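The next block holds one structure in the form of C-alpha cells; read it before the comments.
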Amino acid sequence: MFTDFLSFMVLFNFIIPVSMYVTVEMQKFLGSFFITWDKDFYDNEIKEGALVNTSDLNEELGQVEYVFTDKTGTLTQNNMEFIECCIDGFQYKHQDASSELDGFCVTDGPVSKLHQKAGREKEELFLRALCLCHTVQVKESTEQCPDQVDGMSNEVDCLGIDGALSHPQERRGFIASSPDEIALVKGAMRYGFTFLGLESKSMKILNRSNVVEKYELLHVLNFDPVRRRMSVIVRASSGDTLLFCKGADSSIFPRVRKEEVDRIRLHVERNATDGYRTLCVAYKLLSAEEYTQADAELREARLALQDREEKLMAVYNQVETGMSLIGATAVEDRLQEEAAETMEALQGAGMKVWVLTGDKMETAKSTCYACRLFQKNTELLELTVRTLDDKDRAREDKLHELLLEYHKKAVQDAPPVKAGVTRSWSSASQDYGFIVDGASLSMILNSSPESSNSRYKNLFLQICQNCTAVLCCRMAPLQKAQIVKMVKNSKGSPITLSIGDGANDVSMILEAHVGIGIKGKEGRQAVRNSDYALPKLKHLKKLLLAHGHLYYVRIAHLVQYFFYKNLCFILPQFLYQFFCGYSQQPLYDAAYLTMYNICFTSMPILAYSLLEQHICIEVLLDNATLYREIAKNAMLRWRPFLYWTVLGLFHGLLFFFGVWYLFHNPALQDNGQVFGNWSYGTIVFTVLVFTVTLKLALDTRHWTWINHFVIWGSLAFYVFFSFFWGGIIWPFLRQQRLYFVFANMLSSVSAWLVIILLILLSLLPEILLVVFRKPRGPHSRQSLPVFYLLLSSSPTVTIHFPIPMSSSSLKYSLVSMCSTAAKMLSCLLPWHVLLMTAAPPSTKRTCMKFNAELQHYQTEREREREREGVRGGAGQQCPDGVLFA
C-alpha cells in the first residue's frame, strides 16, 4: 500500500507547477531590463537612465496605494537661488526695480546704499556669518568649470568675484554637500563679502573694502536632521572667539532672546508662505573660559568609545545657547519638471500622496499647492504646535479634542465613497488635506500602548486615510520611517512606496514595500538603498502607470496560466487510473512528462509575460484611472482563479473523454490494426499541447516576431521531437514505448479528425465569449479587436479602422472578417482582380455603399478619439486596432 501511495505521489506531482518558480524568476529578472532600457527614463543632464537594484518587486509597482515623497530634491529641483535676507528686522532684497516691502525701501545695489537699513556692524556680522558658517570648498579652475564632483555627491557652481562669470584665470568653483550652502555664499558675494577658501584651518574672506580677513577654524558642529542646525567656532585676527550658527527657525528661536525673535519672525513667515526656504543666523561671542571648557568637552566627546553621538549632541546643545539672532535668509527652490502633472496622475490612479519633509510648514504648504496636491477647494486640517497652544488647557487635551473634531468632519460626516472612485475625484464630497508637524506627531506615535493616548494613533490614521493628501512637516528621518510603518501595518496591509533623494530619506525608503531613489544633488545614499532609481520625479508616472500596470497583468496571467495548463495535463492522467485498474500506469510517455513544462509550453508563456501589452503604453499614461482596475490584487482573486480552474477542468475532461469516445472502435487504421494505450496517450497529449498553446495565442494582444517564433516554434518542435523520438531505435533505452507510435497515429484520418475537432471544441467557448461579450468601458480589452481592411487594386494599400466591438457595429464586424479573409486570399491568388471584376453588380453596389458608411464611421471615430484625448496612429499597435499591410 505504501509503495502504491508513493507511486501515485510521483505520478501526480506534476499538478504542482514547480517549473513556474523558475519561469517567474526569469520573468522578473529579464523584465527588469525593460525598465533599464526605457529611453524615456534617460536624462540628458546627468547622462544616466533608470537603475533597477532588485527584480522581485516589478509586480508591486502595479499595486501601490500610498506614495510617500520627500520635498527638497524630489518635488523640487534642489537648485537653490538666493532671493533676499533680513538683518536685524530690515529686509535686503537684490532685484532690478525698487519696491516697498514691510515699510522698508529696497533698492538694487550693495548694502551700503540701502536706506532704513540695519547698522553697518550688524550687516557685516551677518555677511561674515554667511561666509564662515558652512562646509563649502573653493576649487580653482583655469579650464571650463566642472559640473560634477565626487560622483554627483556635491554641487559645483562657477562664479567670479562679482557674482558673474569672470575670466578663466579668475574662475572658481564652489563645492558643497548641500546646494543651500552654495546659495548662501553666493548671496554674500552679492553684497561684497566673498569667501576665498580654507587653507590649513585658516578661512579667508574678502570684505567690501577689498581687504582679506583671516579666521582660524577651531571647531565645526556639523548639521544633523535632529538638531536642524550647524555651527562653527572661529578665532578672528583680533583674538575674539566667535560662534556662528545657522539653522531652521524652530531650532534657532528657542536659543536666542525673545525680543530678537519678534523682529525677524514676520519676515521668516512671509518668506515661507511665498514658498522660499528659510534659515536663521545667530552668533555668540565666547569668552576665554567658555571656549576652553567647550574645547575640552568637544575633544573628550569625540574621543569617547561609547555613546559618542549622544555625548557630542549634549555638548553641541550646551554650547549653542544664549546666542544673539542676527537675521534670516530666503532661498528659492523651484519645482521639478512636470511635478504637478505627475502628482495629479498619481492621485487620478487612486493613490494617496503623503509629503514628508523637514521644511517649515508654510514652505511645504506652498509646494503642495504648486504640485496640485492641495486644491483651492481643499479644506486643510492643521495639527501643529500652533494649533495645540492653549494657555488654559494641557497640550494633550487639546490634541485629543482636535483629533475628535477632525475625525468627525473627515470620517464620520463624510459620505460613503463609491467603488472605484476616490474622494479626491468625487464632486459630491468635500476634499480634505491634513497638515501635521514633527512635534505633534511625536505625541501621537510615541504614546505607550497602556496609556489612553494610544487611541490617538488610530484616530490620526483614519483621518489621514480619508484625506486626499497629507503633509508632514518638520519631520526627522526616524519619524518618516514611523509614518510609513504605521500605514504599512494598517488594516488591509496596503502597498506603500517611498521616494526620496537624500540620506535623510533612506529610513523611509527601506521601510516601504517599494523604495525609489532620485539621482539628485545630495549624494547617492538614497539610490544605493533603493529598489529602483530614477533621474527625475516625472519618470515615476510611467514607472507606475505603464510598467507597473503591465508587469502586474503579466505576472498574474503567468501564474494562473501555469495552474491551468498543469491541471489540463494531469487531469487525464488522473482519470486514466479508473480505466487501468489503479495500476499507476502512466498515460504519457516519460519524455512527454519531462518535457511538457520544460520545452513544449514554457517559452510561449515566458515571451507573453515579457512582451504583452494588453493596453498601449500611451493609453495607460493618458488615462490614469486604468490603474484602478487592477488595484487591490484584482486579477488574483477567487473569481479569476475559479475561471482558470473551471477552464482547466473542462479542457482536461474534454481531452480524455473525447479521445475515449473515439477509441470505442480502436481499429482506426486502414489495415484493421488497433491503437494501443500509448497511441491513446499520445493523441491526448497532442491535443493538450496544441490547445494550451493556442489558448495563450488567443490571449495575446500585442504580437511581435518573438511571440510568433516561440508559439509556432514550440508547436513545430513538439511535432519534430515526436517524430524524432519515436522514429529512431535508441540504444541506451531498454524499452522504447513510442517507437513509430506518433507516425502511425498521424496515418489515421480518424486521429486527425479528433485532434482538430477537440482543439476547436476546447477553444470555441473562449472565442464565443470574447466575440459576444460587450466591453465594459472605452478602454476595455476584453472584447475581440476588430479590423477593417478594404480591398483595393493594389494589395499593399491598407486602410486602418480601429473600432471596438459593439452591437451597433456587429454587421461591420462580420463583413470585416470576410474582407480580411478575402484580403489574405488576394495576396495568394494572382487573379484576385479578376474575381472582383466578375462579381455581380449588386455585390459591387453593396461594397460601395459599405465603403461609404465605413468612411463616415471612421471620421466619427476619429473625432471621438480626439475628444477623449486618446492618441492613436496608423503604425501604432493598440489592442483595439493593428496595422496590416
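Glycine is no exception: its Cβ is also placed from the backbone N, Cα and C atoms.
According to TrEMBL:
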TRANSMEM  6-24  transmembrane segment
ACT_SITE  ASP70  active site, 4-aspartylphosphate intermediate
BINDING   ASP70, THR72, ASP501, ASP505  Mg(2+) binding site
DOMAIN    527-774  domain 'P-type ATPase C-terminal'
TRANSMEM  591-611  transmembrane segment
TRANSMEM  641-663  transmembrane segment
TRANSMEM  678-697  transmembrane segment
TRANSMEM  709-730  transmembrane segment
TRANSMEM  750-772  transmembrane segment
TRANSMEM  784-801  transmembrane segment
TRANSMEM  821-839  transmembrane segment
COMPBIAS  859-870  compositional bias 'Basic and acidic residues'
Long-range Cβ contacts under 8 Å made by the transmembrane segment (709-730), restricted to residues 6 or more beyond its ends, are 591, 595, 599-601, 603-604, 606-607, 682, 686, 689-690, 693, 696-697, 700, 736, 738-743
For ASP505 (Mg(2+) binding site) and the residue listed as 'active site, 4-aspartylphosphate intermediate', determine the Cα separation and express it in whole Å. 7
Rank the recorded positions ASP70, ASP505 by the number of other Cβ atoms within 10 Å of each Cβ, and give the residue at the low end. ASP70
Looking only at the domain 'P-type ATPase C-terminal' (527-774), report the model's average pLDDT. 87
Maximum Cβ pairs under 8 Å to the transmembrane segment (591-611) - stretch from the list 641-663, 678-697, 750-772: 678-697
For THR72 (Mg(2+) binding site), write down the residues of its own chain that are at least 6 apart in sequence and whose Cβ falls under 8 Å from its Cβ; none is a fine answer. ASN78, ARG277, ASP333, THR357, ASP359, ASP501, GLY502
Distal contacts, the transmembrane segment (678-697) - CB-CB under 8 A, six or more residues away: 561, 564-565, 568-569, 572, 576, 586-589, 592, 596, 600-601, 604-605, 608, 651, 655-656, 658-660, 662-663, 711, 714-715, 718, 722, 737-738, 741-742, 744-745, 751, 754-755, 758-759, 762-763, 766
Beyond ASP70, THR72, ASP501, ASP505, what residues of that chain have CB atoms within 8 A of the centre of the Mg(2+) site's CB atoms? THR69, LYS71, GLY73, THR74, ASN78, THR357, GLY500, GLY502, ASN504, ILE518, GLY520, GLU522, ALA526
